[in-house]
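Visitor: My structure is below; once you've seen it, I'll send some questions.
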Amino acid sequence: MEERLVSGDVHREDVSLEYSLRPKFLHEYIGQDKVKDNLKVFIEAAKMREETLDHVLLYGPPGLGKTTLAAIIANEMGVHLRTTSGPAIERPGDLAAILTSLEPGDVLFIDEIHRLHRSVEEVLYPAMEDYCLDIIIGKGQTARSIRIDLPPFTLVGATTRAGALSAPLRDRFGVISRLEYYTTEHLTQIVMRTAEILHVDITAEAAVEIARRSRGTPRIANRLLRRVRDFAQVRGDGTITFLLAKEALELLQVDRLGLDHIDHKLIKAIMEKFGGGPVGIDTIAATIGEEAQTIEDVYEPYLLQIGFLQRTPRGRIVTPIAYEHFGMEVPKQ
């Protein structure tokens, strides 16, 4: 699968820059007002009681700021942040090594927590509830269990698939917050902030244009800004204007709703070859040369979000607003 400019997943080029662009405290964090306001209360209450913050689960599409919020929680609590991911913790012993190295009050961030192996999850249960580890030593009849006390800590779990979490794990989180797609207004503020950090001159109109095409996702907004900056330096005088941003994004094949050439190919295949649907996912996959799972997990969510596609028991259907966007007439039934 090719790396898409409008993907919310982390690209290699994002890694080095994202750290420098991340806000460090809640008052610097733009958007997600409900999540932010609730976290502010929970953090202040925990600090007043001189306790650790309850375990926090953050879920939502990629690129919305889950990792950033984990770091902010640690900063606001004045403690260290330890970062790992579900796939990186292969065995219970790996998790035990991480947990026993924590200092009192530390924040442990586990990204993609839905990908934890079940045997690892079971080690996590007593650690989250009672701040202890139950470890089996020996085998067979000589096996015995010993309990190791852990310092109080806060687990922050992040996932794009909350439904994939087991109920016992999900129930152990005291704070569960869903991150929503960002408004154009908030994304415009993020683009302006990033431009200032990167020392890029940009007009307010250009920032709005980049924000509109960013699919509600800060990571995409920052990536598009960097690409448009290249055009401003090579084809302009270094300043990103509305016209330059519009031209650059069209050359990058990102349309006014943030759809790229793959989105166009998928929608147009259903329109032109199957009369707008309904058509099965496997048929679509064979038509555009992609795996059905990739279409469901990567391409469809945003098209469903903006109302261009509908899932029905008989298959996928393209909606009238999608026809309008592409300047085509809705076929008569």
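Heads up, the Cβ atoms here are built off N, Cα and C, so glycines get one too.
Given the structure is predicted, the values throughout are model-derived calculations rather than measurements.
So Swiss-Prot lists the following for this protein:
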- Leu21, Arg22, Gly63, Lys66, Thr67, Thr68, Glu129, Asp130, Tyr131, Arg172, Tyr182, Arg219: ATP binding site (BINDING)
- Thr67: Mg(2+) binding site (BINDING)
- Arg311, Arg316: DNA binding site (BINDING)
- 1-182: region 'Large ATPase domain (RuvB-L)' (REGION)
- 183-253: region 'Small ATPAse domain (RuvB-S)' (REGION)
- 256-333: region 'Head domain (RuvB-H)' (REGION)
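Could you place these features in context, so I can see how deep they sit and what lies close by?
Guide: DSSP gives Tyr131 (ATP binding site) a coil state; it is part of no helix or strand. Same-chain residues at least 6 positions away in sequence with a Cβ under 8 Å from that of Tyr131 (ATP binding site) are, in sequence order, Asp149, Leu150, Pro151, Pro152, Phe153.
Secondary structure at Thr67 (ATP binding site), as computed by DSSP, is helix.
Taking Cβ-Cβ distances under 8 Å and a sequence gap of 6 or more within the same chain, the neighbours of Arg311 (DNA binding site) are Glu300, Leu304.
Averaged over the region 'Small ATPAse domain (RuvB-S)' (183-253), the predicted model reaches a pLDDT of 94.
Remark: secondary structure over the region 'Head domain (RuvB-H)' (256-333) totals 42 helix, 9 strand, 27 coil, with classes taken from DSSP.
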Visitor: Looking only at Leu21, Gly63, Thr67, Glu129, Arg316, the binding-site residues on record, which one has the least crowded Cβ, with the fewest other Cβ atoms within 10 Å?
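Guide: Looking at the binding-site residues Leu21, Gly63, Thr67, Glu129, Arg316, the Cβ with the fewest others within 10 Å is that of Glu129.
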Visitor: Rounded to a whole angstrom, what is the C-alpha distance between Leu21 (ATP binding site) and Arg316 (DNA binding site)?
Guide: 39
Visitor: Measuring Cα to Cα, how far is Glu129 (ATP binding site) from Arg316 (DNA binding site) in Å?
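Guide: That separation, Cα to Cα, works out to 44 Å.
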Visitor: In sequence order, which residues at least six apart in the same chain have a CB under 8 Å from the CB of Tyr182 (ATP binding site)?
Guide: Gly31, Gln32, Leu64, Ile190, Ser214, Gly216, Thr217, Pro218
Visitor: Helix, strand, coil: count each for the residues of the region 'Small ATPAse domain (RuvB-S)' (183-253), based on DSSP.
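Guide: Secondary-structure breakdown of the region 'Small ATPAse domain (RuvB-S)' (183-253): 51 helix, 4 strand, 16 coil.
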Visitor: At the Cα level, what's the spacing in Å between Thr67 (ATP binding site) and Arg316 (DNA binding site), rounded?
Guide: 33
Visitor: Cα distance, Arg316 (DNA binding site) to Gly63 (ATP binding site), nearest Å?
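Guide: So the Cα of Arg316 (DNA binding site) lies 26 Å away from that of Gly63 (ATP binding site).
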